[in-house]
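A short write-up of the structure that comes next.
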Amino acid sequence: MESETNRANQTVMTEFVLLGLHDHHNLEMVLFVLCLGIYSVNVLGNALLIGLNMLDPRLHTPMYFFLSNLALVDISGTSSFVPLMLVNFLETQSTISFPGCALQMYLTQALGSTECVLLAMMACDRYVAICQPLRYSELMNPQTCTWMVALSWGAGLANSLLNSKLTWSLPFCGHNVINHFFCEILAVLKLACGDISLNALILMVASAVVTLPPLLLIFLSYVFILTAILRMPSAAGRHKAFSTCSAHLTVVVIFYGTIFFMYFKPKAKEPNLDKFIALFYGVMTPSLNPIIYSLRNAEVKAATIALLRGDLLSRKISRFPVVL
């Protein structure tokens, strides 16, 4: 009888309420301005990286192929929840439909998992470039790079599909107030009226699978990379080799540093603090990637200058003769 009541309540519930910070509306206005600015930088900066990769033949290399995919992940990840969150900042009460919440939760987790694996693939690319330079074009051929990127996307999508399926198979008995800015999986699980111990265990194991092996691969890659750099006889060679890896290493430190701070810090006494940390991870971190790669990469800077001068577009147009 109880299970029938749970199922009935679950079918009646068609939307969730996103609590956010509606008790502090003035603060939400400040967050609206900040998040809108940061989101704009994220979309424009990452779109610029993708555009430069398509327009400039000098950037048609494995490293920039991976970087373009990273930019696409960052744009898609933030776009899965930031636009609706910005609208909700202006509302007195924020709601999201049941399917909308399911889609938002799936996308945010899938794209975050994809970035974990993709950063490891980029570390492998840097390892081959520094430690196996004579075989670089052979080992990092277009087919291999495509498979590496496909593995990254596939792992992220599969991980999120598993956790989403298990989450939405739980009964939700009328509790529909999510204490967060968006449909974050842990916040949604708290609303379930069934036993979530299995979900929590599988979520922990799945998260470990998509974060720890890639992190170990990144660590090992950079141990070999730094060893190879220190063995180089010329200071100019060491500087050039390290400069090609420094941007990626900076992104890895920021990305994983934020993850570990979120999930391994002591539980905050103030619940809103966890929301701000998640907001920093979801909004701020992706916008740093194009800035880091633009400031620390001479080829990206050169391509940007060529684009501003109109050289890239004129070069692209000149390849297509006008037929009268």
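Backbone N, Cα and C define each Cβ position, glycine as well.
Copied over from TrEMBL, here are the features:
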type	residues	note
DOMAIN	45-293	domain 'G-protein coupled receptors family 1 profile'
TRANSMEM	29-52	transmembrane segment
TRANSMEM	64-86	transmembrane segment
TRANSMEM	106-124	transmembrane segment
TRANSMEM	145-162	transmembrane segment
TRANSMEM	200-229	transmembrane segment
TRANSMEM	241-264	transmembrane segment
TRANSMEM	276-295	transmembrane segment
- Item | Average pLDDT across the domain 'G-protein coupled receptors family 1 profile' (45-293), rounded to a whole number | 86
- Task: Quickly jot the same-chain residues contacting the transmembrane segment (145-162) by Cβ under 8 Å, restricted to those at least six beyond its ends, or write none.
- Result: 62, 65-66, 69, 106-107, 109-118, 121, 124-125, 202, 206-207, 209-210
- Using a Cβ cut-off of under 8 Å, list the residues of the same chain at least 6 residues beyond the transmembrane segment (29-52) that approach it. 21, 59, 67-68, 71-72, 74-75, 78-79, 82-83, 85-86, 89-90, 279, 283-284, 286-287, 289-291, 293-294, 300, 303-304, 307, 312
- Message: Same chain only, please: residues at least 6 beyond the ends of the transmembrane segment (276-295) with a C-beta under 8 Å from a C-beta of the stretch. Say none if there are none.
- Response: 31, 35, 38-39, 41-42, 45-46, 48-49, 67, 70-71, 74-75, 77-78, 81-82, 108, 180-182, 184, 247, 250-251, 254-255, 258-259, 261-262, 268, 301, 304
